[in-house]
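Straight from Swiss-Prot, the features:
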- E80: active site (ACT_SITE)
- C143: active site (ACT_SITE)
- H167: active site (ACT_SITE)
Amino acid sequence: MKSVLITGFEPFGGERVNPSWEVVKQLNDFMLGGVKVVARQLPCAFGEALTALNAAIDEIQPVLVLAIGQAGGRADISIERVAINVDDARIADNLGNQPIDQPIVENGPAAYFTRLPIKAMVQGIREAGIPASVSQTAGTYVCNHVMYGLLHRLHQTNDEIKGGFIHIPYLPEQAVNHPGAPSMSAHSVVIALELAISIALQIDHDSHIAGGAIH
């Protein structure tokens with residue numbers, strides 16, 4: 001049976017929950033067209049997160065890897081276009097590490113583009129009435145670290161696995177502690193991720209529609 005690996009993070013930065021894991025764990029063992037979804041939690045720690053991700057890939061042998069992370073302040077489902085080869089942590093990770101201007105992979109490429117049909121995914125999620133967009137930056141914290149490490153692995157192994165990263169907003173119960181911050185219900189995010197998985201599995205060539213940014 002084919003499998004999809006979907007990951008979320010443990011809480012970080014003083015939050016009591018991480019919406020990525022709260023949502024992702026609901027998809028564990030979900031069946032989609034004969035494909036089984038397997039959920040795994042990653043530590044919010046440089047290095048350790050990639051170790052856990054690589055172990056999960058080796059174990060599950062998925063055809064698709066979707067890494068999900070929290071982006072407090074964003075209002076929609078943000079599907080990442082690119083990961084860059086730098087760790088530049090504004091805050092320490094959960095193990096107290098705070099790399100500044102360090103490459104994720106020494107002598108690795110400056111960036112990798114996603115292996116997901118991101119515009120088709122955005123279009124499908126929007127058609128379901130859920131806000132979504134293509135994001136041009138995954139940041140320089142553990143989320144970007146995981147996305148770059150994932151795509152580097154897939155590039156190095158010439159693997160046909162599809163892979164990429166999606167950022168999601170705060171949950172409403174988090175947003176009450178961040179006045180003015182947008183949020184999205186876990187129910188809406190689950191629907192969006194189910195659609196993202198389905199579209200990524202079905203589509204090999206992305207939609208030719210605008211998804212860029214002015215700034």
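Cβ atoms here come from the backbone N, Cα and C positions, even for glycine.
On a predicted model such as this, the values are computed, not experimentally measured, just so you know.
Positions of Swiss-Prot features highlighted on the structure.
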residue : record      : DSSP class
E80     : active site : strand
C143    : active site : helix
H167    : active site : strand
For this session: Would you mind checking how many other C-beta atoms are within 10 angstroms of the C-beta on H167 (active site)?
Result: 24
For this session: Measure the Cβ-based neighbour count of C143 (active site), defined as the other Cβ atoms within 10 Å of its Cβ.
Result: 25
Exercise. How long is the line from the C-alpha of H167 (active site) to the C-alpha of E80 (active site), rounded to the nearest angstrom?
Worked result: 7
Exercise. Distance between C143 (active site) and E80 (active site) at the Cα atoms, whole Å?
Worked result: 10
